[in-house]
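Engineer: Sharing a structure below in structure tokens format, with a few things to ask.
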Amino acid sequence: MGKALVIVESPAKAKTINKYLGNDYVVKSSVGHIRDLPTSGSAAKKSADSTSTKTAKKPKKDERGALVNRMGVDPWHNWDAHYEVLPGKEKVVSELKQLAEKADHIYLATDLDREGEAIAWHLREVIGGDDARYSRVVFNEITKNAIRQAFEQPGELNINRVNAQQARRFMDRVVGYMVSPLLWKKIARGLSAGRVQSVAVRLVVEREREIKAFVPEEFWEIDANTTTPSGEALPLQVTHQNDKPFRPVNREQTLAAVSLLEKARYSVLEREDKPTSSKPGAPFITSTLQQAASTRLGFGVKKTMMMAQRLYEAGYITYMRTDSTNLSQDAVNMVRGYIGDNFGKKYLPDNPNQYASKENSQEAHEAIRPSDVAVMAESLKDMEADAQKLYQLIWRQFVACQMTPAQYDSTTLTVGAGEFRLKARGRILRFDGWTKVMPALRKGDEDRTLPAVNKGDALTLLELTPAQHFTKPPARFSEASLVKELEKRGIGRPSTYASIISTIQDRGYVRVENRRFYAEKMGEIVTDRLEENFRELMNYDFTAQMEDSLDQVANHQAEWKAVLDNFFSDFTQQLDKAEKDPEEGGMRPNQMVLTSIDCPTCGRKMGIRTASTGVFLGCSGYALSPKERCKTTINLVPENEVLNVLEGDDAETNALRAKRRCQKCGTAMDSYLIDPKRKLHVCGNNPTCDGYEIEEGEFRIKGYDGPIVECEKCGSEMHLKMGRFGKYMACTNDECKNTRKILRNGEVAPPKEDPVPLPELPCEKSDAYFVLRDGAAGIFLAANTFPKSRETRAPLVEELYRFRDRLPEKLRYLADAPQQDPEGNKTVVRFSRKTKQQYVAAEKDGKATGWSAFFVDGKWVEGKK
């Protein structure tokens, strides 16, 4: 009797499962997806050829055939799709096919969500053979008991879940491949659109505009420091005057109130003591885990999911992509037993705590919890420190969710002082309950003990403290709060939140500073154009309804191609209209806002323009015929780039108060330095609003306030300058001409090594040869004829070793790195933007194999990126 083949999607998961299955099973990993829609038109040639005979007659259909060729899916012919094995996965597929031929049975044990179901389906399609040879096994946790139960009751592939995944993939593909070229034509090259990503960007853009439109309003508060008859301190806050809420709006009103309060007699009018309680929160689902990890651990969404994935694959937690707060009966019994044994009966409620899930959540799934509550974070020796921290957070929430409420004694004191009322609130913890395992992040203002005073007691005034405040604009989204907003609006699902957050940052429409989202100007323009021409696509409710439709497909309540057809019919109508000229209702172009600034080259007026790289001044003569065209541009240095990153609770308010307001629409203006003599203030609603102002004066280019920088080449001082591409440091020695960049964080970039010519390494695309250069993202090879030839690539370690003697001393360690991985694949030098360090990675056919090595403590160490 032969062995059974078990296929999972990750090596770590395979290793864990292998511990629980006997010698009758061979467990192998597909290392994620093995095939997908093509990444280029050439890879989908077969699909295009299948329709070429029908589409060759008319030019428009020729274009359609080319589009289908690029997309790999044909929405005009029953959504016919052409899948291809992903580059670099040929060896994996070949090995799986060989093992499948020898196996008696094949178990597809990929993850239990739609993505996992789709991977299982692709595996079956590629490996082939009789469907009866395949079984689908799913489990919520990788434990011995869960694995045993799954293999005792194997099922079949759920094709409805596969179709739901395909429908999402096809819709996203169509929007990306059909709207993006329109944006290139109408607005700027290199732009992209996405069915869900564009809606997520809209959330950030709308919040940005709410902030810019917000006008901070002044208000004051008065605190009173008093003492009781026994001499105890009692701080109070003025809350009412003549039975109306006290909220003075200027210094005069405040000082008038202070004058009255200084003369008043203070006595206790009322003391209210009452018991209060605080119930524990539900066990984590994907979105709440991401939010808690952000708040308590400072983790980004991507990092949280990466750590959770590793914990799941190692068998320590249940599946991490879930929207259900449901707990299995076994899990409830396990944690209640643990609470009773370790904390006592006081901490154990009579009945298990129940938590409601969202209406469309997958009740068959569980919340995220430890597989074994007896396993403590410190015992996870095989896990990295951050994974242990996340496990502890999950463990604490799981245990806390089945504990009794925390009990408090809450007190409110009301004090009279003439026509004023003052209040103080306090709260004493009487029984810690669930907070014993999940303590609060920080104590609130009310978590204090108030002195023992009674109604009628006289108080002595020590000091009055008036304080000026300003109302705050809406808070910027963090990664976690944006996920919360997406979830609230029904946009995306647990399996897609992390990719949505990553994608909108990668596309350049938003940026993250100090863990908060800022909309880029190009993001605002693209959002406006998409809202004007693709109202349904950008509509929050429509996007949520589409998620519901995909849920219906997964639950066999809707036919997937019918859902796709309905979507595509409406979408193409909007696309056809958007393609027209603006006068006919088509998408508006990216127009400049004309200014009074003269072009230094031709004298025509300059206009405010927006590109994917930012805002700049461009000559209005650029629109003329090639013979008369003027291509002059003036770089603008954004003031938000030359200031420190906003920090503190009042930073956003203070920044808004410092900005000018547009005279046309009242929106806060963005400020840019044109040169040391001129500053340009542009309406925050530009280009929709054409308001701008030019301020003249003496402007010091901010951006570097550090110590004196010495030129590494000649020893002279370096001074701050501003050029076409922004701020930089320049050597004061005219003969030296050395420069160094100013980084976004305001620091001076480290010195770069001089280029190293390597005539022995010819370029592939020209007659040039490569030069080894040192850039902001590490070393790279570039053509010696740059910019005529822009060919670049990463250097092979074996090439660095070959020319080691020519390398500067500080780069020679890279030449000593491993030249091959254990399988003989050559290594190249790469740069980690996260650690700001260079490392080496093995590649095959231009794709990373997953093997890498890092330079640690003076030696090269094999590891994971």
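Heads up, the Cβ atoms here are built off N, Cα and C, so glycines get one too.
Below are the features listed in Swiss-Prot for this protein:
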- Tyr319: active site, O-(5'-phospho-DNA)-tyrosine intermediate (ACT_SITE)
- 39-54: compositional bias 'Low complexity' (COMPBIAS)
- 3-142: domain 'Toprim' (DOMAIN)
- 158-575: domain 'Topo IA-type catalytic' (DOMAIN)
- 37-65: region 'Disordered' (REGION)
- 192-197: region 'Interaction with DNA' (REGION)
- His33: site 'Interaction with DNA' (SITE)
- Arg168: site 'Interaction with DNA' (SITE)
- Arg169: site 'Interaction with DNA' (SITE)
- Asp172: site 'Interaction with DNA' (SITE)
- Tyr177: site 'Interaction with DNA' (SITE)
- Trp184: site 'Interaction with DNA' (SITE)
- Arg321: site 'Interaction with DNA' (SITE)
- Arg507: site 'Interaction with DNA' (SITE)
- 599-630: zinc finger (ZN_FING)
- 662-689: zinc finger (ZN_FING)
- 711-736: zinc finger (ZN_FING)
Engineer: Which secondary structure state does DSSP assign to Trp184 (site 'Interaction with DNA'), in the simple three-class scheme?
Structural biologist: helix
Engineer: Let me spell it out: take the zinc finger (599-630), skip the flanking residues so only those 6+ beyond its ends count, and list any with a Cβ under 8 Å from a Cβ in it.
Structural biologist: 188-191, 508, 520-522, 525, 590, 592-593, 636, 638, 670, 672, 674, 680, 682, 686-687, 692
Engineer: Mind checking which residues of the chain, 6+ beyond the ends of the region 'Interaction with DNA' (192-197), have their Cβ under 8 Å from one of its Cβ atoms?
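Structural biologist: Non-local partners: 171-172, 175-176, 179-180, 183, 491-492, 496, 500, 503-504, 507, 526, 530, 537, 543, 546.
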Engineer: Could you list the residues of the same chain, at least six apart in sequence, whose Cβ is under 8 A from the Cβ of Arg168 (site 'Interaction with DNA')?
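Structural biologist: Correct list: Arg114, Leu550.
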Engineer: Could you give the Cα-Cα distance between His33 (site 'Interaction with DNA') and Arg169 (site 'Interaction with DNA'), in whole Å?
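Structural biologist: Counting only the Cα atoms, the answer is 13 Å.
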Engineer: Tell me, which recorded positions from Tyr177, Trp184, Tyr319 are within 10 Å of Arg169 (site 'Interaction with DNA') if we use the C-alpha atoms?
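Structural biologist: Those near Arg169 (site 'Interaction with DNA') - Cα within 10 Å - do not exist; the answer is none.
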Engineer: Sort the residues of the zinc finger (662-689) into helix, strand and coil with DSSP and give the three counts.
Structural biologist: 0 helix, 14 strand, 14 coil
Engineer: Roughly how many angstrom lie between the C-alpha atoms of Trp184 (site 'Interaction with DNA') and Tyr177 (site 'Interaction with DNA')?
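Structural biologist: Cα-Cα distance, Trp184 (site 'Interaction with DNA') to Tyr177 (site 'Interaction with DNA'): 11 Å.
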Engineer: Just checking, which of Tyr177, Trp184 (recorded sites) has the fewest C-beta atoms within 10 Å of its C-beta?
Structural biologist: Trp184
Engineer: Using all protein chains shown, find which of the recorded sites His33, Arg169, Arg321 scores highest when you count other CB atoms within 10 A of its CB.
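Structural biologist: The residue with the most neighbouring Cβ atoms within 10 Å is Arg321.
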